[in-house]
Every structure is written in structure tokens, then in C-alpha cells.
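Worksheet: one structure, shown below.
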């Protein structure tokens, strides 16, 4: 990417940040409802004065409002004011979001229009302040010291600057007479202040000076009404077309990339944090009695204030995703792999962190409680990262052991990462159990950490079995059984922890911090991690049990038969030290035949029924019927039959 393209990308991100700040401020105000209690406490009825001064002097009006009647007109006025604030907040949010999704061309037009409005307002403010100071002599000492022309000169310079900028950026008609009158319009109050005119004319001069700029702004708005309507209609039509052709997910993904949402949210949170950092220093919180800088207090202040609204949580989530993405790249570098799944590290961590924030109600907590909850969420996110790292290492270990990769370096790096996962899980549990009191949250983190250790040990055990099998010269028929037992143990442990976490979450939901989001997440957890896993595990168990029973019903080949046959297994192409004989008098390894039975019940060579079946099963059509006239041959079995069977079993 060229330097110009990078600069344009940075400018586009910065231009999309202000609408997020607008939404954030509206959320801070609570859509107008946050000031309702303040309005009630600041505006009590007049006949309550004596009551408030008596025994309940320290009580707020909201506390005594349960037994003191409201004034009907006052209550109507408060409700009306709150409703007006709510409507303005809704309009502000919708306008900010519409501005956020605009393309770069239309966004520039909106900013130019807003800049024109801002210049007109600034011009009116400075003109009004200058005229007021001259008329009331509020800055008499300053005027006496520097002359009465000081303020007029200052205002003249400012108005000239405002008029120059407005004349060059406004989007209205650029008639030559309008362009000539605009500077004079901005400077009218300054010129009138030099003349012996009445106070009434001076007071009106500030308003009169803004008539021409406001007229141009109004003309721009009305002339752009049809353009705005057409743009909205075209945007709606394109969105509808894309949803009908590609679906909602494709639309969201396309807009997510076009708007650079992660970069915008990240920039918003960083700027917001810088604002809080400046407030921290200006307010004097950085000064301590011993003269040292309070790093922990500053970090706590920035983190707590960095997640007090939903937009702030989104920004913090984007920052967390950015950091976790580099953690994924670090593990990718250590493991010497370029797997695309590592790129999902940041996405998965962002989803987990935001769900945890919503589930725990992070934005509605107090200062200290929010910091504690945020630290707990980071601990849970850390365990989630360990799980995701294990998924990557597990795939690499299976690939290295199955492909007989001779690169010792890759094996060592994978084993180091496995050891790191175990050590980090143990360290986290030791740190939490030695510093925290026992709680439902601590039990959840412990369960996740132990689950990581068990999954890593299971992966290492299977990896060791595959390596041992690769060093053997003969076929190891018990390998499949050992792998099945080890994986069954790991899956059983995970299933037990899933049930434990469900009951742990139910306790939290009922007795600690219940919320609708937590209830929904518990339902999702119960369905996917308990019901679906139990159903899949039982299905695998029954298939394996059925296959074992079918294999045991077949006769075992003796030594003389194998020597007379002197052939390899038609499924795995390995020599046969032992074999099972089918009804059609074909020889296969028992374990290979069992894997084949996971796929279908017919012989890989001649497609005959492999076992004595019920009459209903005999009439059941084959999954892969043999075409008429095809001769039974060893080539009828696909070379990758064992791979298909193993994949189906997994």
C-alpha cells in the first residue's frame, strides 16, 4: 500500500470517530432518563420545605417521594422534559449512526456543512461577547490598560478568519455579490461598534451578522433534500439487493470491512483514554504524599472509565482483539506454521470479551466493583486464549505425528507450547487460589484451567501413540482402541466440566447476578456443550459397539489361512498378522473392517453384506451400490477408504 493510500485510510478512520463520540455521550446521559432523579431532587414542591428541614434533612427528595404527593403540573413538566430529551437522544443517535455509515464523499460533504454551521455560531458568539463587553464595560481594567480598541481589533481578526474560511468552504451558490457581502456580514458588529449608534442597534447587530451565513446554510439544506432522499433510497435498494442475493452475513461482512469498524473503535477508545488521562493529571490525582507516581491508580482509573458505556466496551473489545491477534501471531511464529486459523485469534477473543462484558453487566456497576469484574473477565479471557491455543497445537501435533515429519525443530516447538499451556494454567490457579476467596467465579476459572491441562495431556498421549506406531515395523491393531479410550476419557472430563459449569452458572443466575443475557448464554451452553456433545458421544459409542459386535460375529483367520492367502489388507494395504473372514470369503484387518463399518455395512471388495443381518437390513439398499456387470476386484475398494472411515469416526 502506498503512502497516499495509507494517509487516506487514516483520515477516513479519523473522520468516522466523531459520530461514535456523539453516541457515547448520549449513552452517558442515559437517553435523558439519567437526569430524572436530579430533576426531582432539585425541584421539590414549595410546600415540602418545612418537611425536608425536619427529621429528614439529609434525605433526598427521591427517598421521601413515596409518601409525599407530587404537584401535578410539576410532574407533567418533568415527564414532558424527559420525553423531549429522549426524543432528541434518539434523533442524535440515529443521525450519528447514519453519518457513520456514509461513504467518504458524502461524509466530506456532511463535515463541510457542519463546519459552516459551526463557523456561523462562533461568529455570533464572539460578536455578541464583544458587543456585550463594550456596552457593560465588564473588562474595564483591561480596556484601560490596552486601549478600548484592543477587543475590537481582536474580534475583527477573528471575524476575518471566520469569513475567509466560510467563503471558501460553503456549499451554497457562489454568486460574486454573495462572496463580496459575506466578509462584510461577519464584520458588521465591529464596524457598528466604532460608530455612535444606539444600544438597540448594537444588540441586534450580532444577530443581523449571521443572517446571510444562515440563509446560505438553509439554502444548502433545502437544495440537498432530494439528493439526500435519493442517496437514502439507493442505499436501501443496494442493501436489499445484497441481502436477497448473498444474505445478511455477507452484507455485514462487506460493511464491516468498508467502514473499518475495528480501527475506528480502536481509535475512539484510545482518544477517549487520552482524554481521561489528561483529566487524571489535571485533577491532581497523580500527586501522592510520598511523591511517587501512582501507576496502579492511573491504570485502574483509565480501565474503569474505559468501559462505562456500551460504545466504550466496544472500543476496549477492539483493543483486546488487537492485542490477542498479536498473541496469535506470536504462537504462529513459535509453531512455525502459517495456518489461517491463527488469524481468528483476535476475532474469537473479541467475541468472548464482549459477551462477558454484557453478561456481567459491566457498564452498570460501581467504580470498584467494575474494576474487580473487569479483572475477572480478563482472567476468563486468558483461559479462553489457552483453549484456543490448544486447538491450534493439537492440529499441529496430529499433523506432525501422522505425516512422520522428520523436523525435530517443529516437534520441539509444539511440545514447548504444550508445556507452556500447562504451566500457565497451573500458575493462574495457584495465583487465584492464594489471593482470592472461594467463589463461583473462581470455581469456573479453575474448571477451565483444569480442562486445558486435561486436553493438552490427551493430545500429548495421542501424539506419543502415533509416534510409537510410526516407529513400529508391523501393523499395530490396538492403536485404534487406545486412541478411542484416551479420547473418550478427555471427552468425558470435558462433559463433566460442562455440566459443572452449567450448575455453577445457574447458581450465579439465581442467587448472584441474574440477567437476560446470562440466561440466554446458559441455554446456548446447555444445548451445544451438553446436549449436542452428549448426543454425539452416545452416537459414536453405539456405532462402535455395533461395529464391534458385527466384527466379533465374523470368524478369525488362522495362521495357515493367512500363509495360504499371502496378501495385504485391501483397506490399509498392510500385511496381515491377524484377520477377519467375511461371508464373501474376503480377509481384512479387524480394526480396518470396524472402521469401514462406521461408513457402510457392505464388503469393500464385492459389496456383499458383511454380517448376518435381519431381514429388514437385507432389503435395505446399499450406500454405494455396485453397478451392474461390475466384477469384484481389489480395485473396487477406494485407496482412501481407511482415511474416510477414520474421518467419519472422529
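Glycine is no exception: its Cβ is also placed from the backbone N, Cα and C atoms.
All annotation found in TrEMBL is predicted automatically rather than curated by experts.
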Looking at 181-198, 235-252, 253-270, 271-288, I want to know which stretch TrEMBL calls transmembrane segment.
181-198
Choose the correct range: of 42-65, 138-161, 210-233, 522-545, which one does TrEMBL annotate as transmembrane segment? Give that range.
210-233
Output the single range from 181-198, 379-400, 488-511 maximising the number of Cβ pairs under 8 Å to the transmembrane segment (109-128).
181-198
Confidence summary (mean pLDDT) of the domain 'RING-type' (569-607):
82
Report, as numbers and ranges, every residue of the chain located at least six residues beyond the transmembrane segment (379-400) whose Cβ falls under 8 Å of a Cβ in that stretch; write 'none' if there are none.
320, 324, 327, 331, 335, 337, 339, 341-342, 345, 348-349, 352-353, 356, 407, 410-411, 414, 417-418, 421, 424-425, 428, 432, 444-445, 448-449, 451-452, 455-456, 459-460, 462-463, 466
